[in-house]
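Student: After the structure tokens below, expect a handful of questions from me.
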Amino acid sequence: MASTFKITFLGTGGSVPKPGRGLPAIAVQVDNIVNLFDCGEGTQKQFMKSGVSFMNVKNIFISHFHGDHFFGLPGLLSTFSFNGRIDDLNIFGPPGTIDEIKKVLSLIDFKITYNIKIAEMEENKKYDFDLFDVYAIKNDHTKYGYSYKLKEKDLIKINREKADSIGFPKNKLELLRNNGEYYYMGKRYSIWDVADGIKPGRSIVYSGDTRPFNDMLKFASNCDVLIHDSTMDASIENLANEYGHSTARQAAEIALKANVKRLFLFHYSSRYNDLNLLLNEAKSIFNDSYLSREMLEFNVDKKTELIKI
């Protein structure tokens, strides 16, 4: 399992920036791989203020193509080249992503020094990134968009005594773990022959811009961290929903029903100078609710439970 599993909030506002509150961008670091969820205007500058190296960004996931979620791409992609990047970059998003990213690239009038791979993700399909998997589902916004889940791979705990009892060599256990099976002395061994149980991986769900929708309950079920659209407060719920957003109360209701461990409110309307109104509203429903703040880092702890098999 990964040694580092860390969220850094680079921008937490919605639509219009404010001093100290930039546009949506979230870095999720899994060991030395940085995954960027959305890239609002000024994201590259936010990286420079943070403790996260933008040169380690390997994957970018765009939730939808409203400007506040991707206008930071031209600058960031340009700066990669200015800094001599040669490593491949992957950009993922909903249907239409390929055309939108081509438009972004047309704004850059010098040579890109690295290869950019663009992919339109399919709903509910598992995308394998070695240490973790990423899933996407369509949410409920005014523009076609995705919610994302990044889930660390489960760790199969090996029982060395079981291996000894069936005559499987200890120096081949990692090969068995990595491949799921291994042939030794003409006999096929399965990882389950020596497994003691499963340590579940950590998981983060990012809603993107969305009204509340039922599929989120299953998608976010039991996740460690839910980062959810909380654009407005409950007194203007109809307005929030009309514009394809959620209130802090609605985000908390989803967190409660989905049995998540922690909720971070996100994508605040610029009408709010004091965010405690949103926080208190959420906490009245789901106590483990927190405000996302720029440069806030949150390390997701490894799970200690072992699911016996």
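We count from 1, first residue shown onward.
Placement of Cβ uses the backbone N, Cα and C atoms for every residue, glycine included.
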Student: Out of Asp209, Asp215, Asp224, Asp229, which one does Swiss-Prot list together with His64, His66, His141 for Zn(2+) 1?
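Tutor: Site partner of His64, His66, His141 for Zn(2+) 1, according to Swiss-Prot: Asp209.
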Student: Could you tally the C-beta atoms, other than its own, that fall within 10 angstroms of the C-beta of Asp68 (active site, proton acceptor)?
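Tutor: Taking all protein chains shown, Asp68 (active site, proton acceptor) has 22 Cβ neighbours within 10 Å.
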Student: If you measure His69 (Zn(2+) 2 binding site) to His141 (Zn(2+) 1 binding site) at Cα, how many Å is it?
Tutor: 13
Student: Quick one: give me the count of other CB atoms within 10 A of the CB of His64 (Zn(2+) 1 binding site).
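Tutor: His64 (Zn(2+) 1 binding site) is surrounded by 24 other Cβ atoms within 10 Å.
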Student: Using the alpha carbons only, what distance in Å do you get between His267 (Zn(2+) 2 binding site) and His64 (Zn(2+) 1 binding site) once rounded?
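Tutor: His267 (Zn(2+) 2 binding site) to His64 (Zn(2+) 1 binding site), Cα-Cα distance: 14 Å.
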Student: Give me the count of other Cβ atoms within 10 A of the Cβ belonging to His66 (Zn(2+) 1 binding site).
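Tutor: A 10 Å sphere around the Cβ of His66 (Zn(2+) 1 binding site) contains 21 other Cβ atoms.
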Student: May I ask for the distance between Asp209 (Zn(2+) 1 binding site) and Asp68 (active site, proton acceptor), taken between their Cα atoms and rounded to an integer number of Å?
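Tutor: Rounded to a whole number, the Cα-Cα distance is 11 Å.
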Student: Kindly assign His66 (Zn(2+) 1 binding site) to one of the three DSSP-derived states: helix, strand or coil.
Tutor: coil
